[in-house]
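**Student:** One structure coming up, written as structure tokens, with questions to follow.
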């Protein structure tokens, strides 16, 4: 792996750290298996790309992408909370619907950003090449979001949201509107995912209707790998573990694809992801050293 | 004060599983009264408690708390007025949260903190003060996860949480049923003490006839969705567990569940 590839992997791992934080919020905090992200990731990419193409400043376009993701998550939670649709099904319905919406937003299957100004394009000063600065900016954004999330989760509303996931009956008895917490939490989780999609599109110069495939597993894999290897006693550490998990996951995939003796090619990435997650979950169940290694942080 | 009038509850109406749980219950629990409630399984005592808490919506009738009609209020809205202790010690607390976080959550029932820090200034000191009363040493373990506590400790913590803030009404749902006899006695005595100190209005569902007569100011007995017996004053003072059993047998109730305890 060359230095260039190495930094590229870090870049992608950091951007997908936002997906991991979103998955942490929905799967772990709210105990809501949310599949909306398969649609909200490309939605964020599409919204950001189209707005940038229309001349909107890239920063504003990225924030708008986050807002679109919030709406998607809010819709999934509404289907579940107000209309009693099973949580997994509600997410699938919204993700499927978003596929068509994304095609509409982009007016086609993709929206190339080549030659457009993105939030990463101002980065060629300081005498440092841009392939060093891009991961630094991505890292700064992701770490800022992580600490903002930590801060939110320790407010009154944040504590109520965590309680709503951990023990719904008890939280309701303590005045927490569990339904409202799901609406807000899923909105936030998908805002993070859409933000990730928006950054990813700007890194790679295009939004694509198919870029959402497997995002839910990437997010979940990051949370599981991170929290298994770094069992966290506090929230601040748990969200940190998610980011580490996102990076490790990217490297595992990159190494698998790079290992010549495996004979894998780029299109095998989804297979590698699925195998990696399955192996991690199996390792958590197995007795002995491997099991202990992975079990510590898992529930 | 709690006022139930004409409460009718039917589960699965219009189906083969239709089950009339409450057949027009009228019940007034005055401010400051500690009311144990007994009855066999399916008699309607827990349903009545759930109607007050808001978990079960009556088909007909009206629920008033301190003069406010709360019949259509959801559970979380009623939480400001009513707190409850669950039968299962695991239900009343969040086991992945620290003791202090659990206390903060309960404290927010009457004083929500919105986007301010959940653990505000002075909360730790307040929690220490309130937990000291239990004499379990929990005040030194504020940052321990509640999952590390025993069932009795968790139920005692639940009591402290349910009586935090300005809530004036406490619902106890067989809250000692899952504990060993010694711990159950400790939790019952603690309940009596806290309720007395704070002059709370209490409805306590219990399967123990001894508890139903030993604790509180009045005892009622449910049978088949109605209040069958309402004892207070001298009639209650002279009633014994055997007397209760004899009374129930006269009414044709031969249910082993009533004889337990």
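Heads up, the Cβ atoms here are built off N, Cα and C, so glycines get one too.
According to TrEMBL, the transmembrane segment annotation covers A:6-28, A:84-101, A:131-153, A:183-204, A:210-230, A:235-257, A:263-283.
How about a rundown of where these features are and what they're close to?
**Tutor:** Counting same-chain residues at least six beyond the ends of the transmembrane segment (A:84-101), those with a Cβ under 8 angstroms from any Cβ of the stretch are 32-40, 42-43, 72, 75-77, 209, 212.
Non-local neighbours of the transmembrane segment (A:183-204) in the same chain are 11-12, 15-19, 21-23, 25-26, 29-30, 32, 34, 36-37, 40-49, 52, 58, 61-62, 65-74, 76-78, 81, 111, 113, 118-120, 134, 138, 141, 145, 149, 152, 157, 161, 164-165, 211-212, 215, 219; each lies 6+ residues outside the stretch with a CB under 8 Å from one of its CB atoms.
Sequence-distant neighbours of the transmembrane segment (A:210-230) (same chain, 6+ residues past either end, Cβ-Cβ under 8 Å): 16-17, 19-20, 22-24, 27-28, 34-35, 37-42, 45, 95, 98-99, 109, 193, 197, 200-201, 237-238, 240-246, 248-249, 252, 269-270, 273-274, 276-277, 280-281, 283-284, 293-298.
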**Student:** May I ask for the residues of the chain that lie six or more residues beyond the transmembrane segment (A:6-28) and have a Cβ under 8 Å from a Cβ within it?
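**Tutor:** Contacts with the transmembrane segment (A:6-28): 34, 37, 41, 73, 131-132, 134-135, 138-139, 142, 145-146, 149, 165, 185-186, 188-193, 195-196, 199-200, 203, 215-216, 218-220, 222-223, 226-227, 238-239, 242-243, 245-251, 254.
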